[in-house]
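> Here you go, one structure.
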Amino acid sequence: MPFLDIQKRFGLNIDRWWTIQSAEQPYKLAPRCHAFEKEWIECAHGIGAIRAEKECKIEYDDFIECLLRQKTMRRVNAIRRQRDKLIKEGKYTPPPHHIGKGEPRP
């Protein structure tokens with residue numbers, strides 16, 4: 001038992017928020033990766049860690065991609081590099097509002 005239990009004093013359960021996104025959320029909004037986590041938990045529930053690691057790999061990989069967005073960021077960086085290359089070669093001119101020369105907005 002902690003010396004000063006702030007979570008209990010204020011009625012918060014922060015540990016639950018940090019471990020499972022499927023838990024009750026403070027403003028009743030589903031987290032971004034709730035569906036992927038739910039699929040992974042449903043797949044892995046009751047079969048053990050070793051079997052779950054093999055049999056639920058697809059669900060786990062989807063969940064981790066949703067959390068970390070590594071593939072998405074790699075794709076965005078590839079698109080950005082290609083755009084910069086085309087600009088450098090003179091084959092592409094970005095619109096004025098992309099380079100800060102557009103009309104001012106109210």
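Backbone N, Cα and C define each Cβ position, glycine as well.
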> Under Swiss-Prot's annotation, the disulfide partner of Cys43 is which of Cys56, Cys66?
Cys56
> I'm trying to understand the geometry here, so how far is the Cα atom of Cys33 (disulfide bond) from the Cα atom of Cys43 (disulfide bond), in Å to the nearest whole number?
16
> Let me spell it out: take the motif 'Cx9C motif 2' (56-66), skip the flanking residues so only those 6+ beyond its ends count, and list any with a Cβ under 8 Å from a Cβ in it.
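Distant contacts of the motif 'Cx9C motif 2' (56-66): 32-33, 36-37, 39-40, 43-44, 47, 72.
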> Could you round the CA separation between Cys43 (disulfide bond) and Cys66 (disulfide bond) to a whole angstrom and send it over?
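One finds 17 Å between the Cα atoms of these residues.
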> Long-range neighbours only, meaning 6 or more apart in sequence with Cβ under 8 Å: which ones does Cys66 (disulfide bond) have?
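The list for Cys66 (disulfide bond) reads Arg32, Cys33, Phe36, given in order along the sequence.
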